[in-house]
Ligand code: ATP
C-alpha cells in the first residue's frame, strides 16, 4: 500500500513563489546565422526592476500546468497565452523534473509584468523563476550552476534571468560573464500594445544585410565604451555608446517606433533604444526624478503606457513568506 504524501494527508497544497527580472540589452551585436540557425551575439545584459513571479503549487499526480495570474499588470491575450508544454515556465519545470527524476508535478501561476513578445525576456524570466520555485517546491536542491545548465537548454536569455545584475553574453547569449556594477541606472520603459516575434526580427535583419551585400562574423566582445560607461554609471556616456544591431529590423517591422523614439528624446530621454528585438523601448534618464518627468511627458503626449525602472536588479529568487498556505 502506498503511503500518502504529506500534502495529501494534511489537505494543504504547498506552494513556493519565485521572482525573476526582465532585461534590456544595453548593447547588442550579432553576426550571420550559424549552421545551427542561431545568430551569434555579443550583448551587454542589464536586469531591470520589473519582475515576473511564478507560484508553483504542488501536485502529487505529476501534471505540470500553467495559468495566468489575474494580478498581472500587463495586457495578455488569454486566447494565445500558452498554458501547456509551449509555456517556457512549463518547459523549465519539465526539464528540472527530467534532470532530477522527481515524480511530482506543479501548477504554475504566472504573474506577468514584463510585456509579452516585447524584447525584454519575459518568458525567459518565467522559466528562470519556475526553475527556482520548483527546485524549492520539490526539494531537489540543485545549485544555481546546475539550474543554469538546464536554463541554457531552454533559451538564450534564461541563464541571465537566473543570475540577474549585468553580464556580457556571448554565443547565443547564454555564455555569461558577470559585470559587477556599483551604481544604479534609471530608465523609462515604453511597451507597445503589440508584440514582435524575435525570429521574424532576425529574419528581417538577415534580409536587410543580404540586400546590402553585407556579411558579419560572430562578434567576440561587447564594445569597451559601453562596458565602461555602465561600470562608471555615467548616463551621458551610456547614451553615447548604447547600440543595438536589431534596431533597423525592428523599425522596419514596426515603423511607428521611430516616432516614439523621437518623442521620448524630445521629452528629455538621453537616448531611447529598442530593447532586444523590440518593440519595447528603453529610455536612459539622468536620475529617478528625471525618469519620472520623462515618463509623465511621454504618457501624456503619446497616450502610451510607461514604466519607470532602476537597474541592476537581482537574479531569480524565492519570494519570502511564500512557503505554504
Ligand atoms: P526574447 O526577448 O527572450 O526573445 P520576448 O521578451 O520578446 O523574448 P516573450 O514575452 O519572452 O518575448 O515571449 C515570446 C513568445 O514566447 C510569446 O509570443 C509566447 O507565445 C511564447 N511564450 C512561451 N512562454 C511564455 C511565457 N511564460 N510568457 C510569455 N510568452 C511565452
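Any Cβ shown, glycine's included, is placed from N, Cα and C.
TrEMBL: automatically predicted annotations, no manual curation.
Within 10 Å of the C-beta of residue 23 (active site) there are 33 other C-beta atoms, taking all protein chains into account. In the three-state DSSP scheme, residue 23 (active site) falls into the strand class. Under the heading active site, TrEMBL lists 23 (among others).
Positions annotated as domain 'GHMP kinase N-terminal' by TrEMBL: 87-165. If you take every residue in the domain 'GHMP kinase N-terminal' (87-165) and average the pLDDT, you get 97.
Residue 117 (ATP binding site) is surrounded by 19 other CB atoms, counting those within 10 A of its CB over all protein chains shown. A coil conformation is recorded for residue 117 (ATP binding site) in the three-state DSSP classification, outside any helix or strand. Positions annotated as ATP binding site by TrEMBL: 115, 116, 117, 118, 119, 120, 121, 122, 123, 124, 125.
Residues or ranges marked as active site by TrEMBL: 157 (among others). Sequence-distant contacts of residue 157 (active site), defined as residues of its own chain at least six apart whose C-beta falls under 8 angstroms from its C-beta, comprise 23, 45, 121, 124, 173, 174.
Summarising the annotation, TrEMBL assigns domain 'GHMP kinase C-terminal' to 227-301. Assigned with DSSP, the residues of the domain 'GHMP kinase C-terminal' (227-301) fall into helix, strand and coil as follows: 45 helix, 11 strand, 19 coil.
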Where the criterion is a Cβ under 6 Å from an atom of ligand 1, which of the recorded positions 23, 115, 121 meet it?
121
Using the CB centroid of 115, 116, 117, 118, 119, 120, 121, 122, 123, 124, 125 as the ATP site centre, which other residues of the same chain sit with their CB within 8 A?
22, 114, 280
Have a look around residue 119 (ATP binding site) and count the other CB atoms within 10 A of its CB, chains all included.
30
Where does residue 125 (ATP binding site) sit by DSSP, helix, strand or coil?
helix
Densest Cβ neighbourhood among 115, 121, 123 (binding-site residues), 10 Å radius
121
